[in-house]
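Q: What follows is a single structure, and I will ask about it in a moment.
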Amino acid sequence: MNSKNYNVVDGFNTIAPAYDLANDAMTLGLHRLWRRSLCKKALKLSPKNSHILDVATGTGDVILGLFSDRSDINVTGIDASEGMLNIAREKFKAKAHLFQKNIKLLLADGLSLPFLDETFNTVTVCWGIRNIRPHSGALREIKRVLKPGGSVIILESGRPEFKFIRSLYNSYSKILPFIGEKISKYKPAYQFYKASVDVFPSGKQFVAELYDAGFINAKYETLGASIVYLYSAQKATC
């Protein structure tokens with residue numbers, strides 16, 4: 001599949017109703033644990049009463065994870081897919097009494113964030129940076145809206161670092177589009193997923209891109225036998 005010709009937004013609008021179920025099936029539910037790691041790290045780096053931006057918020061699970069541990073925060077979630085945002089809104093209805101005043105959802109492009117400079121203490125991106133092209137532009141926008149000293153935390157799939165795991169992953173990744181198609185009835189979205197992961201920089205390569213975008217203290221750790229990467233970086237204070 002030529003991922004350059006794939007319309008990411010149309011794809012997510014199509015698979016939105018089945019997105020969560022497909023993730024459960026393809027990761028055996030482990031995506032919830034990996035997302036939890038992102039939320040914990042984000043909250044650890046966020047001071048009291050922080051304003052947090054969740055880029056590519058999708059069906060809203062990062063926002064729910066953030067509020068499961070903190071009630072003092074304010075979170076804005078943006079996504080380019082109205083279909084995904086509609087699923088998030090449905091999830092939030094049942095828990096609106098917990099954080100109704102502290103949350104906003106906006107339809108927006110990660111390459112042109114509709115916020116003033118230095119608005120947010122923390123920015124999170126969960127399985128989204130790979131879908132924003134060019135992702136270097138998204139990193140620059142994230143840095144722009146972060147307050148000095150603020151942090152960005154990114155969770156993203158990547159090619160495993162270890163050869164043995166990489167071999168197993170390569171075999172498993174070939175069947176992912178079929179699992180996704182079975183659940184969502186739309187195979188192209190999961191063909192794109194595999195193709196985009198194959199070419200996306202991971203580990204040290206993506207850390208280098210964080211530095212190129214002007215961040216400091218960029219680092220990463222691997223999760224799930226190194227098929228998932230958790231990145232963090234800061235915006236300089238001056």
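Backbone N, Cα and C atoms are what each Cβ position is placed from, and that goes for glycine too.
Please treat TrEMBL annotations as automatic predictions, because they have not gone through curation.
As listed in TrEMBL for this protein:
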BINDING   Thr59, Asp79, Asp109, Gly110  S-adenosyl-L-methionine binding site
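How about a rundown of where these features are and what they're close to?
A: All protein chains included, Thr59 (S-adenosyl-L-methionine binding site) registers 25 other Cβ atoms within 10 Å of its own Cβ. Secondary structure at Thr59 (S-adenosyl-L-methionine binding site), as computed by DSSP, is coil.
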Q: Between Asp79, Asp109, which of the binding-site residues has its C-beta surrounded by the fewest other C-beta atoms within 10 Å?
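A: Each of the binding-site residues Asp79, Asp109 was scored by Cβ atoms within 10 Å; lowest is Asp109.
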Q: Pairwise over Thr59, Asp79, Asp109, Gly110, annotated as binding S-adenosyl-L-methionine, what's the top Cα to Cα distance to the nearest Å?
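A: Comparing all Cα pairs, the maximum is 16 Å.
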Q: Among all protein chains shown, how many Cβ atoms are found within 10 Å of the Cβ of Gly110 (S-adenosyl-L-methionine binding site), not counting that one?
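A: Result for Gly110 (S-adenosyl-L-methionine binding site): 22 neighbouring Cβ atoms inside 10 Å.
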Q: Would you mind pulling the DSSP three-state label for Asp109 (S-adenosyl-L-methionine binding site)?
A: coil
